[in-house]
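Here's the structure we're looking at; comments come further down.
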Amino acid sequence: MDSFLSNNFDVKPKHASDEALGKWRQVCGFVKNPKRRFRFTANLSKRYEAAAMRRTNQEKLRIAVLVSKAAFQFISGVQPSDYVVPEEVKAAGFQLCADELGSIVEGHDVKKLRFHGGVQGIAGKLCTSTAKGLTSDAGLLNKRQEIYGINKFAEAEAKGFWVFVWEALQDMTLMILGMCAIVSLAVGIAMEGWPDGAHDGLGIVASILLVVFVTATSDYRQSLQFKDLDKEKKKITIQVTRNDCRQKMSIYDLLPGDIVHLNIGDQVPADGLFVSGFSVLIDESSLTGESEPVFVNDKNPFMLSGTKLQDGSCKMLVTTVGMRTQWGKLMATLSEGGDDETPLQVKLNGVATIIGKVGLFFAVVTFGVMVQGLLVNKVQEGTIWSWSGDELLNLLEFFAVAVTIVVVAVPEGLPLAVTLSLAFAMKKMMNDKALVRHLAACETMGSATSICSDKTGTLTTNRMTVVKSCICMNVKEVSNLDKASFCSEIPESAVKILLQSIFLNSGGEIVTGKDGKREILGTPTETALLEFGLSLGGDPQAERQASKTVKVEPFNSTKKRMGVVLEVPGGSLRAHTKGASEIVLAGCDKVINSNGEVVPLDEKSISHLTDTINQFANEALRTLCLGYMELEKGFSPESAIPVSGYTCIGIVGIKDPVRPGVKESVATCRTAGIMVRMVTGDNINTAKAIARECGILTDGVAVEGPVFRELSQEEMLDLIPKIQVIARSSPMDKHTLVKQLRTTFDEVVAVTGDGTNDAPALHEADIGLAMGIAGTEVAKESADVIILDDNFTTILTVAKWGRSVYINIQKFVQFQLTVNIVALIVNFSSACLTGSAPLTAVQLLWVNMIMDTLGALALATEPPTDDLMKRSPVGRKGNFISNVMWRNIFGQSFYQLVVIWCLQARGKELFNLEGPNSTLILNTLIFNSFVFCQVFNEISSRKMDEIDVFSGILNNYVFVAVLGCTAVFQVVIIEFLGTFASTTPLTCAQWCVSVLIGFIGMPIAAGLKMVPV
């Protein structure tokens, strides 16, 4: 079985090829209900459609760019256009319609852009201001929405409950049974009249309807859970200026005329035009498949929805939204493509295929044996050519039993149980602050053996404050800052240059909110520095007005620095830089001394500053160095900002406390066999101090990124197992570490990331974990799970749920395969030995529902326990159907088969059954005992290798409810629905024996668990 599954039903958890996804579908063969079986699998045809759309977009954009280049060369004054403003647009107060706006941006139409007065002209025609944005008047916004549409793409309507009922009815075996029921009704009523002749047929119809409605209800609930999760996935906010006020807003509320603020890592939320900004580099690969990034500036202001900012920051005027953009049309198609199926879903489809073929064979043989018995009797009686109604009904019952064996034997519920368990887990994980973007991540996280975690925000709180500084060579505590004493000890000229560096060389911004209060926007590091500047009495508005920004190079994790060039009062140019202390300090050759004088940076000064950096770092502080230089030779905005020749202003130490509970979570990971490594861009001493505080750095080693990336393959093989911390790492260091762990050491790796440059590592890892608060849209899109509270403890919760999903599905598979084996062998052997089957079609349909939908609800939704984190991880090589499971399956099946065979052979003697009803009573006893064997086996399956199966049972109300409903409905079937289900009421003693037979399975299961495998 294992080789068959690995050859035909093996797909990767991430980035599976279309060929692999298509291959297992073809091998599936006999499928009772394709609509249901393949509901939660990728729609490959829609994906091909989306790929074709991308190619078309690429060609369109290529032509548009060529045309716009030609237009730049040949435009000599703007030619008059024949554009006429539609009346409804004019009546609404606008001078441009949606189609004209769309053609300008999507077509990169420079000529039309110039005709309409450029970006400012289009802003005027849209009744907006590039400085103040739209007004928030509801009436005007509604008018704008009517004319230009909303920023949402068309999605397929959610399926209603009755659609799921219809899909459940598409099951081929149920349809055949339905036809059998109709024939049975017709023949029975013709022979015995109404209602006596209708019992068998109505029994089958009622059973089919019960199965259909229970199945449809379960599927409908799953669909609602996935719908809720989809809503959460699509919650994206963006910074917008409206009413001259900067505010956060959902991208779905954007309208043409809005002014959007974009930073590195953001996704462009709608088509628009560049208003202002610096170093904007756009990645259009998601829309066009083109990997080469595009520069956006005044000359090429066109920005397309769905593309991503690879570098820089800017303001953008929204022009086209929703389904009028190419991204909207592409997303509408992609959303129908669905998620990739998970490895477990595919593997269990393989198991279902194998068992289904075996079941189909047994069903055909069973039918053949029973028909042969009937024919032999007719030949012996010489009535082969004359058939009574009863004999025809017997023939029909044989056929119905054979079809029902197929219903029971083809475990259609196996792959769907995975979806049920994942849907349940994803919903619960959402409440635990983890948003799962890809289903497979739930499964894979349960097998994780290694976690590579960021430091800032994940292990620490991300609430940063400047607590120490070394300005003008003077080290000072900043915690209880007295502005007057602090500034009095620093020369005024140095304070002035320090405040200019803080406020103007910053990725953050100080804005006025809706309530009129001052608010700081930006990363926690930037916020800490800006708060420090404000505490020194700085005026950010005055600083901005006094200088003109010439060029900005935003911070990124590769350079580990940011810079700005300013035109200061008097017309001279000045550059500021800020970043990792040792990197910026290495680019300084001068320093401001305690008298405020700029002096050369000698050995003594370098030693003092280096010692200060190490002292701050050993206290677990993040250190930043600030520097500036006068650009006396001038500067061209096209040139890069210099990296050397700076004057050191000073060093700041920023405190970011470790999150509560992190140390305990790391210890739990260690117990669970999961190695935690810290990969950070911080100074090595800061990283070591934090890692020791978290319990990550114990007996391993800490290395710096520049050292790590220079290692040979042999050195990496020796060092990587010992590495617990990598400091001053680049995104490629993280990518290299993840790749080596996965390929060379065969580990299942989870990695956290928040920046744009983390995308390759998130993509490479088995499980990419993006930060929900600090993470960029690029990082989130590359991730499999979004940690909504940026907390390491939540990662541990994800691992716990991952293990729970894996084990829950194993429990369900063990339970279902036991029922499969017993039901199959009992009916087959009885048909061969006695010529009839003890379990009728209606009874088998009830058994099928117990083991399929109800079994999945009971076992696949078990919540996780802390004990799960005391086991070793499954890893990459673990067999899904383990030896422990086979032991339990075969042991329990053997017991049940022996009991049922004994009842069949000696049941009448044991219970003193005589008279015409003796066979019916015996078959009812067999059916009742068989069902209670499954009820108690379901309890035993809760813990596959533990004897105490009752611990925590009351915590899972679904399990208790399913067991209760099964037992109650079994009583109803036996005592009150005998005419439909071919049963008869049992005596109290017979009930006790039936329940006892089922119960004895539990001590047998406990004994089996003591057998080593």
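All residue numbers here begin at 1 and follow the chain in the order shown.
Using the three backbone atoms N, Cα and C, a Cβ is placed for every residue, glycine included.
As given in TrEMBL:
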DOMAIN    5-49  domain 'Calcium-transporting P-type ATPase N-terminal autoinhibitory'
DOMAIN    116-184  domain 'Cation-transporting P-type ATPase N-terminal'
TRANSMEM  172-191  transmembrane segment
TRANSMEM  197-217  transmembrane segment
DOMAIN    236-333  domain 'P-type ATPase A'
TRANSMEM  354-375  transmembrane segment
TRANSMEM  395-425  transmembrane segment
DOMAIN    837-1010  domain 'Cation-transporting P-type ATPase C-terminal'
TRANSMEM  957-982  transmembrane segment
TRANSMEM  988-1008  transmembrane segment
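Note on the domain 'P-type ATPase A' (236-333): DSSP counts are 18 helix, 49 strand, 31 coil.
Of the Cβ pairs linking the transmembrane segment (395-425) with the transmembrane segment (957-982) and spaced 6 or more residues apart, fewer than 3 are under 8 Å, so the two regions do not touch. In the domain 'Cation-transporting P-type ATPase N-terminal' (116-184), helix, strand and coil residues by DSSP number 40 helix, 1 strand, 28 coil. Mean model confidence of the domain 'Cation-transporting P-type ATPase N-terminal' (116-184) amounts to 83 (pLDDT, 0 to 100 scale).
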